[in-house]
């Protein structure tokens, strides 16, 4: 990552204007909704930063005095909305699964998202500098976004994204509207009490999602499907012959997936989460220590002479904000959403510690 910023640190240009705030709110809402839908449908969260950067470039180009930092502010807001959407769709449905809720309450979800999102931002501020300068972190998505934003200097348009959106909408129309193009295929058969088979789906949405998440994640998802359907499914079906004996091959595959197979994926996600957490403990602890040491070395005073790119919200404000929102969430989980009723632990401090690590990672 280049040490020299694209806009010199001593140069003051427009960054947070009314048009930026308005555009950021609109794009954040739209992209958060679409990402929540994709996360629930596909099980993966796509990047909102690159589409937001491209769309904001296409809109802000009509203003003669727009700057690259304004585009960056818009895509940053959209990225935060994407993270909040992921936090909601990957956690709140658990309340339905465990039987604590039988419906989704809008205002409760909104309150949790606001408090969790603000806490995530506050936790990430002390870690920003050391994470950005950590040479082992490549930030591939950040690099891609930087290149997209740099192209805005040459007044790049949004023609490609409009064409891609039109083609995708046309494909979806023929698939789900006119029903003239198939969107899935599957073949299942039984060999000696073991069920074999594999299915595939085709959707412009999934193609776009695959492009955004990159080939590494796409390959991992493909390998997971191969392991699940061609390795685990025959083994599980062999030890559960009642499914194969009483249902067709396709029905048996569906029932086995709902009752047995999905727990393999849950276990894989839990293991990956724990492994990632263990890898992050040391660098994040070092980040917090460095931030506190730097602040204390200044005698608790905020350095107003810092370059523009090195200025952060003062640490006392971060601590006060964290304490306020942590207290609000504590009262919320005690009186409004008492998770202890379903056997969950009432200890709150470990929750904040995990939130610090996980939100910083996001």
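Cβ atoms are placed via backbone N, Cα and C, with glycine included.
Whatever TrEMBL says is automated annotation, not expert-curated.
It is 261-281, from the ranges 135-155, 261-281, that TrEMBL records as transmembrane segment. Looking at 107-127, 296-316, the stretch flagged in TrEMBL as transmembrane segment turns out to be 107-127. The transmembrane segment (20-38) shares more Cβ pairs under 8 Å with 83-101 than with any other stretch in the list 83-101, 161-182, 194-214, 317-337. Remote same-chain partners of the transmembrane segment (194-214), defined as residues 6 or more beyond its termini with a Cβ less than 8 Å from a stretch Cβ, comprise 38, 41-42, 44, 46-47, 50-51, 140, 164, 167-169, 171-172, 175, 182-188, 225-226, 229-230, 233-235, 237-238, 243-244, 249-250, 252-253, 256.
Of the candidate ranges 83-101, 107-127, 161-182, 221-241, 107-127 has the most C-beta pairs within less than 8 angstroms of the transmembrane segment (317-337).
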